[in-house]
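Have a look at the structure below, then the notes.
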Amino acid sequence: MKGKFLKVSSLFVATLTTATLVSSPAANALSSKAMDNHPQQTQSSKQQTPKIQKGGNLKPLEQREHANVILPNNDRHQITDTTNGHYAPVTYIQVEAPTGTFIASGVVVGKDTLLTNKHVVDATHGDPHALKAFPSAINQDNYPNGGFTAEQITKYSGEGDLAIVKFSPNEQNKHIGEVVKPATMSNNAETQVNQNITVTGYPGDKPVATMWESKGKITYLKGEAMQYDLSTTGGNSGSPVFNEKNEVIGIHWGGVPNEFNGAVFINENVRNFLKQNIEDIHFANDDQPNNPDNPDNPNNPDNPNNPDEPNNPDNPNNPDNPDNGDNNNSDNPDAA
């Protein structure tokens, strides 16, 4: 389905900055030395198909002096085939805030869920319906998978700038994760410094609602903090960071001009939070036989073939097992 929406003038696009969305002067002075403990920085019933706002209704965010974090490695190119492969779940976001309409990025990771930043959802001022999502957007005239309206927001319980957004079905009763295949999350067991990565999203310095990919390398990795040498601008907030297998390893939040860009790295703590809140999120190793979370793994306690599972007929503690001394089975030599 090709959605037609009202044009947005790129001259008036209000971008969610990748440097700061908070008003405190201290937050604007983020240093790369404080990456491990940085304050958060920036860069219901069925709803009717959301509409793109007119240019005249768009207003810039205040205090956006660090909106663009363009580094010497400015390898950015447009993605025009947005509906195929790992590009399809990358999503253009508009937030209709009291002070104007702002843009950001996100990535679909479940049947009705998307990941983006806390500072993106904060722009809704507590009204989830203010956030609209357009997966696989090609440009301001072409939204091949239509639009979706948010209904619930869950912020990451840790310090990382990460949020889960749940969406209502569209007018055709389709879920956002049905019109596009949700992204695969990396288990990040092999992620390390100097690996090639990409950040894909909807930067505000490019034509409205056009998808762009930046290429670079990881330069720093510790805990939930990841830094890299590629370039982003306002509007990239919430963009997925992909590894060379096109798996999501982090969610871009912003950067420090002339120094680095950064993301929330999907480490074990973040992964556990996501699994607790998104039932159908898919991690790359979930299907592996040795993965303890795989229900087909014999060592999974929920697997009926697990020898320790009480209902396993081979379990000596199973009351139906003839070797169970408490069992009156006629085949049981200990039966009364």
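Quick reminder: no glycine exception, Cβ is built from N, Cα and C everywhere.
As the structure is a computational prediction, the values presented were derived from the model and not from experiment.
Here's what Swiss-Prot has on this protein:
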type	residues	note
ACT_SITE	His119	active site, charge relay system
ACT_SITE	Asp161	active site, charge relay system
ACT_SITE	Ser237	active site, charge relay system
COMPBIAS	39-51	compositional bias 'Low complexity'
COMPBIAS	286-336	compositional bias 'Low complexity'
REGION	34-61	region 'Disordered'
REGION	283-336	region 'Disordered'
REGION	289-324	region '11 X 3 AA repeats of P-[DN]-N'
SIGNAL	1-29	signal peptide
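Across the region '11 X 3 AA repeats of P-[DN]-N' (289-324), mean pLDDT in this model comes to 58. Residue pair Ser237 (active site, charge relay system) / His119 (active site, charge relay system) shows a Cα separation of 8 Å. Between the CA atoms of His119 (active site, charge relay system) and Asp161 (active site, charge relay system) there is a gap of 7 Å. When Cβ atoms from all protein chains are considered, those within 10 Å of His119 (active site, charge relay system) total 24, not counting its own. The Cβ of Asp161 (active site, charge relay system) has 30 neighbouring Cβ atoms from other residues within 10 Å, across all protein chains displayed.
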